[in-house]
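The following features are taken from Swiss-Prot:
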ACT_SITE  HIS176  active site, proton acceptor
BINDING   GLY10, ALA11, GLY12, ASN13, VAL14, GLY15, ASP34, ASN96, VAL119, THR120, ASN121  NAD(+) binding site
BINDING   ARG83, ARG89, ASN121, ARG152  substrate binding site
Amino acid sequence: MRRKKISIVGAGNVGATCAHWIAAKELGDIVLLDVAEGVPQGKALDLMEAAPVEGFDCMITGTNDYRDTAGSDVAVITAGVARKPGMSRDDLVSINVKIVRQAAAEIARYSPDALIIVVTNPLDVMCYVAYKASGLPRGKVFGMSGILDGARFRTFVALELGISFEDVTTLVLGGHGDHMVPLVRYTYAGAIPVEKLIPADRLAELVQRTRQGGAEIVELLKTGSAYYAPGAAITQMLEAVLKDKKRILPCAAYLDGEYGHRDICAGVPTIVGAGGIERIIELELTAEEQAAFDRSVSAVRGVLKGLDI
């Protein structure tokens with residue numbers, strides 16, 4: 001039986017960590033691509049040499065040539081300049097838009113049936129760029145955002161309550177940036193509404209920490225941005241696709257009227273399976289939640305304005 005083929009564009013910390021998770025879960029063969037000669041080849045070889053120890057069986061290939069990605073089932077775009085202290089995700093747009101545009105076009109050229117998962121920041125803008133550059137149907141190009149943001153909020157809630165991380169569920173909507181919308185109303189600890197367990201003022205602090213979650217790690221690392229949690233979040237999306245799990249996952253999706261917005265990418269709850277985003281779930285938001293979502297989408301539009309797309 002043919003193994004699934006997963007191509008990762010960008011062999012930096014996020015791409016390499018994602019490859020590690022994919023290999024450990026045996027989701028398929030991996031192609032690790034980067035412009036830096038020797039880097040993807042070295043990381044691929046290093047990871048493959050862990051196979052006899054860890055007991056996974058998959059081929060991992062490093063390359064500088066998009067032709068080696070031909071026939072991919074899924075491609076993940078992580079390539080781009082990483083954040084440094086003091087930078088917002090939006091500060092990366094002028095550099096990363098060129099990288100993502102080329103990557104999406106090359107993926108579509110060599111793997112016209114592939115799904116594309118975008119990870120490069122600013123995420124929602126890059127997801128839109130990739131969608132337009134690829135020419136693929138909207139459900140086949142989507143971004144990793146709410147899973148990571150939700151994981152951060154879940155972590156902070158679990159630590160606050162002293163409970164298992166697994167027992168906290170939540171939903172984060174909107175852009176993957178400072179205006180993201182963690183929905184406290186949809187946050188539960190072991191099926192108990194978290195509003196019953198944590199005072200409102202403390203919950204507001206945890207929401208704000210979630211919005212600044214990426215920046216907090218950037219400030220601590222000083223040389224780059226997060227990669228363990230992003231790698232795990234990407235892998236959860238890949239598993240949903242490759243195993244056709246029909247998972248309900250918050251993803252950056254191209255909106256065509258959903259939640260009152262068109263021609264923009266933003267984080268919304270979706271059903272993810274073999275077809276990519278197979279359905280966008282529209283929730284009835286409160287007036288306050290809708291206003292926050294609208295502000296978040298407006299921030300994404302503001303970054304998109306002026307780009308040649």
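Yeah, the Cβs are placed from backbone N, Cα and C, and that goes for glycine too.
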- Message: Can you give me the same-chain residues 6 or more apart in sequence from ARG152 (substrate binding site) with a CB-CB distance under 8 Å?
- Response: ARG209, THR210, GLY213, ALA229
- Quick one: pull the CA-CA distance for ASN121 (NAD(+) binding site) versus HIS176 (active site, proton acceptor), whole Å only. 9
- Message: Between the two most separated Cα atoms in GLY10, ALA11, GLY12, ASN13, VAL14, GLY15, ASP34, ASN96, VAL119, THR120, ASN121, the residues recorded as binding NAD(+), what distance in Å do you get?
- Response: 17
- Task: Look up VAL14 (NAD(+) binding site) in the DSSP assignment and reduce it to helix, strand or coil.
- Result: helix
- Task: Could you measure between VAL119 (NAD(+) binding site) and the residue listed as 'active site, proton acceptor' for me? Cα positions, answer in whole angstrom.
- Result: 10
- What does DSSP say about ARG152 (substrate binding site): helix, strand or coil? helix
